[in-house]
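Asks: There's a structure below that I have some questions on.
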Amino acid sequence: MHNTLEFEKSLIELENKIIGLENFSKENNVNLVSEIDILRKKLDQMKRDVYANLSPWQKVKIARLQERPTTVEYVKTIMPDFIELHGDRLYMDDAAIIGGIGTFEGIAVTVIGHQKGKDTKENIKRNFGMAHPEGYRKALRLMKQAEKFKRPVVTFIDTPGAYCGLGAEERGQGEAIATNLLEMSRLKTPIISFVIGEGGSGGALGLGIADRVCMLEHTIYSVISPEGLSSILWKDAGLAEKAADIMKLTAKDLLEMKVIDKIIGEPLGGAHKDIEFVSNNIKDYLIKELPALLKLDSNTLLDQRYEKLREIGK
Amino acid sequence: MHNTLEFEKSLIELENKIIGLENFSKENNVNLVSEIDILRKKLDQMKRDVYANLSPWQKVKIARLQERPTTVEYVKTIMPDFIELHGDRLYMDDAAIIGGIGTFEGIAVTVIGHQKGKDTKENIKRNFGMAHPEGYRKALRLMKQAEKFKRPVVTFIDTPGAYCGLGAEERGQGEAIATNLLEMSRLKTPIISFVIGEGGSGGALGLGIADRVCMLEHTIYSVISPEGLSSILWKDAGLAEKAADIMKLTAKDLLEMKVIDKIIGEPLGGAHKDIEFVSNNIKDYLIKELPALLKLDSNTLLDQRYEKLREIGK
Amino acid sequence: MLSEIFRKKKKYATINLYEEKGYKNIDKKMNPITCTIKEEKDLNDASKIKCKNCNTYVLKEEAKDQFYTCEKCGYHFRIEARERIGLIVDEGSFIEYDQALKTIDPLNFPEYEGKIHKAEEKSGESEAVITGEGKINGASAILCVMNPNFMMGSMGCVVGEKITRAIEKAIEKRYPVIIFCASGGARMQEGIFSLMQMGKTSAALGKLSDEGLLYISVLTDPTTGGVTASFAMLGDIILAEPGALIGFAGTRVIEQTIRQKLPEGFQRAEFLKERGFVDQIVYRKDLRKMLYKILYIHTLGGGSNA
Amino acid sequence: MLSEIFRKKKKYATINLYEEKGYKNIDKKMNPITCTIKEEKDLNDASKIKCKNCNTYVLKEEAKDQFYTCEKCGYHFRIEARERIGLIVDEGSFIEYDQALKTIDPLNFPEYEGKIHKAEEKSGESEAVITGEGKINGASAILCVMNPNFMMGSMGCVVGEKITRAIEKAIEKRYPVIIFCASGGARMQEGIFSLMQMGKTSAALGKLSDEGLLYISVLTDPTTGGVTASFAMLGDIILAEPGALIGFAGTRVIEQTIRQKLPEGFQRAEFLKERGFVDQIVYRKDLRKMLYKILYIHTLGGGSNA
Ligand SMILES: [Zn+2]
Ligand SMILES: [Zn+2]
């Protein structure tokens, strides 16, 4: 595993020791079954403790892991017949946001999500999941299409934020996100959003106005990055850990503050350890929530969505 | 007058001679009142004959005159309180198409038109009235705004065609025009279009789907320029005059073929000789046609607009 | 209703069902191709065609098996409308509409009638588009298929009228519409009438859209001019064949305007996808499957009409 | 109804009427300005302010007469919300809403309360926006006016809530909404709650739009961050003051990202107009007139609601 997390080091060390014992046992024909079993249980308990008590900063680290499953991997497992649809019909196809259609449990669904790369080359193509205005406009086009064909929309949020560059400003990053907020608030079809990694600021919210908002267990959602906050507050981006502590950016914080509806459980060690596990949890959530939303007439749906937004910070 | 038209030369020559006689009469105190009066009448008759029998190619020449009033001049005379609104909210403000709001006869109206320049400098800014996709998208934004606020839309058509360049292709010239055709066909507010100069191909039609389409007396409307047609048919752009003869591109032709609804009269010598005259004719037409269109419920309005398009080449 | 499906706990079953019914066997059902290729004029040998891209001579029979693409470089040859229909619809399912519709030469344009006659003789068709209904792996759709060889696939009144009628038929039958575009643009010989077909077809698609019906546009080589600036670009989903030339203005016109050569790949399908105007590039051999897949997903609708 | 107007043959009369009622006298009705400018900190002399643009020292009294713009270069000084209201609405017509609304510090954020207190003291206001209703030359409107000096005009829950309530009031009263934007962005101290105000205000504007009501956004210096990515950019009509900084990302953030200096004029109002995001640049002295003109034209509606 590349990108070892600091707080996982002792776990990995113990795991390596256990493997050593196993090899010793096999090679020397010494029976250590019960001893190893005890150690494995201990390791498992340690892992549980670590992952149950992750600090906000540790959550930030996990949420940003390059091994973490991205939108396209969840889509593949949840909707194997997914067809990607490209382009905003205006300026460019932005690879930092992907979208398309597929079937889930016998209904057609539109899926849209930020897309990070799995390696440096792909990350350059996908701009590390930081979309330009055309990414948000592609998303909007596909959402309007979903509305027309009465397909529910599922969005996956995973971005450090909307891109801050010349072209993005020139082509109206602010306008593109603002328009998505407004249009998503009145889109006449159910929307369910999942934060699967980083929920970075306006760039995250641009896909995040929904009837249900969920966060995976080890994800974050915030108005600014911890680095950004610490550099503003203390003129020192290095104090990001301290910033994370006061930001209330974890799934648990947001659920407590009633900003999100549900935490989707991850396997021990994070989503990348078992994507099927997470996908099944997402599927179960969709199966539980979609039918009721699809049954609502569009006025009730929109009224409820509005009230949900309306309540935050009332 | 710069840009003298070939067929006006004899008229101008006679006019100069009459002025010469007038000066002579004044300077030498010779009474030539009745003689000059006869000559003036003759000149007037000659003008009438020339302008009543303009060849298609002569019409092309008049339609393209740089002195010809442009959208902004008609707007100023018809709607003195016009407020120009800029930008497509996507990429750029295209100066080749202008739009905005104003009041006409006590109602709010949205006006949109191609805008040519009055001199070379302005023509460079306005790209000789050849719009990029962003021009058509600005027009669409303003039309959707008009629909929202139940304002009728008046468009002025005056373009050699949509611009054929790299950027225009890159940003979807075809998509922009196509979208306007579709959206104008279902815009829930009356649309009245006036061809005030050149109605060049798809670039003209992109502002031309309307409940009423009028052409000023000396304007043209065609699928391709005469130069373009002759270079395709005979590999010689110089045979444009010959091409114009077979194209049926004058207001009279289009009225006869029932492609347009009305010819708006111009003063002798063309619209630039008396813009008030033309503006009053346009006002009169609007006053005559708008009330009935505004009274229609939107279904009837759209059904009639559809039938109108549907009938052409059925 | 979806909720019923959910209640019955047929968890994850639908996708398998769908795989079974649809994708797997689709290639086997492909129709035999019998038409000949007529566009490649510079033939030395009637049994061979030359690939414009890599200049290889390909045996026609072999090209057919490759869905009229070059085995060596993947170049997609232009194909006649009927061949296209053969590649796409279930055998025997195509019902043609308005075959008899012919132009009335509205401008009385010099030499136009003669050109029409020649095009008829050359192509065996009466106009630059064939419209009708058919089934794709059992899914019904209205199809309009343009013929790039009938007066360069140009759009006059008949093309506009046939496409408009087909769209209106789709509204009546509540079928999706698929248009295969292949056109040099508006038909100059019909003057302003040909321009107005852009408005007419676009308005018909507006009605289709208002009815919540699906329109898939398939851009093939070449899709230019008035067709690009109307129905070609109005698909809910826009597919394109690899390498297809797609643009508003012609290459020559642009080069004259900007006084320089166009960059490599400009106005090609791949360029348009990059620029955000094409949803996917689909190889011809995969097109039937992709269309079926879209139609299948689409018929599942959302919650309210499933 | 328009048709009635037409039938009565009151030809061309309305425009004159309108000129009489509206434009001509509007400047004379301008309110006296009594507030002081608080943003320009580097003063040597309390009676003078320094122009950031041309570095001239301007007498405050003279600046006031120029609507707080520099006489020499036209630079628009930042002004407090109440001064803005004084420049725009008819004297005595402004009724303030929700003045008592105060933040509850939802994250219990370190030092936040102290900062709020300081901002209150410095500005004499309780939050970064003043909302209410007023008349502009007799035309009623809901106004939200941001205060660039109250914690940099940042948007927390109170700003979001006050603006949302004002929009809801506009729906109830069927009034148009005018928001004067001036903001450094979201208020970090309220974390995710501040982010969600972007969604809340945008959703309220969606409702306003669905009701067919007008929203005019006026962008003043500076309009950035979360405000730009929500209500600032959602105006049916978007006006901007000359030279105003308008953008999503801050200048420093962009320069760090792209590792180069930004070009002159980047993210200024004039640049945004050129790029298609601003309808018009309006000098502060003409703003009241322009707003009235738009409100006037708007109230004439189209045929069906006139
Ligand atoms: Zn080849
Ligand atoms: Zn100055």
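Sequential numbering from 1, following the chain as shown.
Cβ coordinates come from backbone N, Cα and C, glycine included.
Here TrEMBL flags D:47-306 as domain 'CoA carboxyltransferase N-terminal'. Look at TrEMBL and you will find D:51-73 tagged as zinc finger. What TrEMBL lists as Zn(2+) binding site is D:Cys51, D:Cys54, D:Cys70, D:Cys73.
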Asks: Can you give me the residues near the recorded Zn(2+) site, meaning same chain, not D:Cys51, D:Cys54, D:Cys70, D:Cys73 themselves, Cβ no more than 8 Å from the center of the site's Cβ atoms?
Replies: D:Lys52, D:Asn53, D:Asn55, D:Thr56, D:Val58, D:Glu71, D:Lys72, D:Gly74, D:Tyr75
Asks: Provide the three-state secondary structure of D:Cys51 (Zn(2+) binding site) computed with DSSP.
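Replies: The three-state answer is coil.
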Asks: List the residues of the same chain that sit at least 6 positions away from D:Cys70 (Zn(2+) binding site) in sequence and have their Cβ under 8 Å from its Cβ, in sequence order, or write 'none'.
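Replies: Listed in sequence order: D:Cys51, D:Asn53, D:Cys54, D:Thr56, D:Val58, D:Ala63, D:Phe77.
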Asks: Within 10 Å of the Cβ of D:Cys54 (Zn(2+) binding site), how many other Cβ atoms can be counted across all chains shown?
Replies: 12
Asks: Among the binding-site residues D:Cys51, D:Cys73, which residue has its Cβ surrounded by the fewest other Cβ atoms within 10 Å?
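Replies: Comparing Cβ neighbours within 10 Å for the binding-site residues D:Cys51, D:Cys73, D:Cys73 has the fewest.
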Asks: Can you tell me whether DSSP puts D:Cys70 (Zn(2+) binding site) in helix, strand or coil?
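Replies: Reduced to three states, the DSSP call for D:Cys70 (Zn(2+) binding site) is coil.
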Asks: What average pLDDT does the predicted model assign to the zinc finger (D:51-73)?
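Replies: A mean pLDDT of 86 is what the predicted model shows over the zinc finger (D:51-73).
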